[in-house]
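What TrEMBL records for B:17-38, B:50-75, B:96-124, B:136-158, B:170-188, B:251-271 is transmembrane segment.
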Amino acid sequence: MEYVLKASRLTKKYKNSKALDGLTMHVEKGAIYGFVGKNGAGKTTLIRIICGLQRPEGGEYEVYGVKNSDKEIIQARRRMGAVIETPSIYLEMSAEENIREQYRILGLPSFDGISELLELVGLAGTGNKKAKNFSLGMRQRLGIAVALAGSPDFLVLDEPANGLDPQGIIEIRELILRLNREYQITVLISSHILDELSRLATHYGFIENGRIIKEISAKELEAVCRKCMRAEVTSTVVLSRVLERLGMEYTVVSDTQADIYGKVSITDLALELSKEGCEVRSVHERDESLESYYVSLMGGGRDE
Amino acid sequence: MSKLLNANFARLKKEKVFWITVVFMVIYAAGVCIWAYSRGSGIKFDGLFLYVYGLGGQAAVPGIVMAVLCSMFIGTEYSDGTVRNKLVVGRTRFEIYASNFITCAAAGIFLNVVCTASICAVGIPLFGGFAMPAGMLIQIIITGVLIMVSYAALFNMLAMLLTNKTSSSVLSLILAIAVMFAAAYMIARLAEPEITDLYSLVDGQFTVETGPNPFYIGGMARVICQVFVNLFPSGQSLQLSSEYAELNWTLPLYSAGVIIAANAAGLSGFIRKDLK
């Protein structure tokens, strides 16, 4: 398995609060890695660290197999592009001038490809209009164009859909999918919009309190979600005991309801429950979404 | 580094504030010449040439101009977030800091050249040419250039460490003005004679006696004040402008020290700084 990014036991403190607390994660080459977590969970801190804006206090990370402690990390970062929080663009410049400026920073020998890049992000017709007069969606797309100026293999996007209208969200989604499928760019994308992320991501990393609590591929997630069953019984206390005995993964939803993951024989379960005087009222398969998976993973009942 | 310099200079050419400061320096230099000419007294061009460095010892105009230019130019990197584009694509912090300093220093030298050219273009036809020896003129020009580079080093340091365009602009201006006033006051006190005429009113009659000047600064305090006005570029500007400065290599040496110290401190802080 080839990884574009590997992080191991990363730690970072801001004054007294731990932003990262031993975070370990793996971003596979060619993936769209959805980075999911609450506000303050540590998503942006991790992104800032891998982009070289901040230094970790402990642990290490590798970009294309190069450790952050190696001098070659500078060269490895040249294969990256990033839009962190807000798009990094000169507001007093036009879209083309912004990309020209980034070409100069990269030291590219000519300005060839700028019109294609603007075409790709849908900003070809903006002419001399300054970025300060762009809509949020246009700025976001310009930020991505600037990040793409060096033809990166790895694109890092921090909340790219934040503040966008539905049309803007669709445009960004289509752009990311196109970059991944047509240009084989690996994408690390952090987002709060789980439904939107579920349309894009091939892999997920769930972060809470500065730690990755689960990494899972979209296929695995789909498999797990399909095998979820919502059982209604007279006592979830008894159900829990039986499921523990059977070695099943489950989440208690209420006093009478629980979600059971993985394959389960309903007959065997009903017989086991019956032995302990617990009655099965109903069982139905649930097509669990990313959102419900996230909620169950984070312990449920809490706001995102 | 050359790539970042190329990008910075391309941006500087498009920077409105830069062109505003260029136009201001032209108007300022021409204005000083016309004002001096309107007074009609026998002003020498040499004196006028020194006068523009600090409005005759009253205000270090180039310092205020550099405070505005550096804080606005560098501050944009943070307010627009574009400093991240440099780091993300693998430019080192040293390269970023050094290229910003060199750009500000070059802008300062360019402003100095514009001001010098303007005062020569307007002043020489009105007052005649230089009377001072070429060696002294070169020394003054080098001192003036190093003053601008010192300003660039100090204001680049503030802008790179504060990371907030408004804060760095306000603080740079306040510091430039505060140091300027402090230096102007100190230069005035340092210029006081040790012995002076003391006037007193006795029985309704003014009497004049010669005695120690109460405003004279002596001993260690004098040394400290002299170091202060030599150390800061505003102090150097005002010394040149009021013709208080001894024209030797002392001021350029102080400038070189300030440039090295400010860049070392700024770079050391910037390398450790967590950016957002």
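Glycine is no exception: its Cβ is also placed from the backbone N, Cα and C atoms.
At the 8 Å Cβ cutoff, the transmembrane segment (B:136-158) and the transmembrane segment (B:17-38) share fewer than 3 close pairs (sequence separation 6 or more) and do not count as touching. Distant neighbours of the transmembrane segment (B:96-124): 1, 4-5, 8-9, 12, 18, 21-22, 25-26, 28-30, 32-34, 36, 45, 48-49, 52, 62, 65-66, 69-70, 73-74, 77, 83, 86-87, 141, 144-145, 148-149, 151-153, 155-156, 159-160, 263, 266-267, 270-271; these residues of the same chain sit at least 6 beyond its ends, with a Cβ under 8 Å from one of its Cβ atoms.
Within the same chain, residues 57-60, 63-64, 66-68, 70-71, 155, 158-159, 162, 225, 228-229, 232, 234-235, 238-239, 242, 244 sit at least 6 positions outside the transmembrane segment (B:170-188) and bring their C-beta atoms closer than 8 Å to a C-beta of that stretch.
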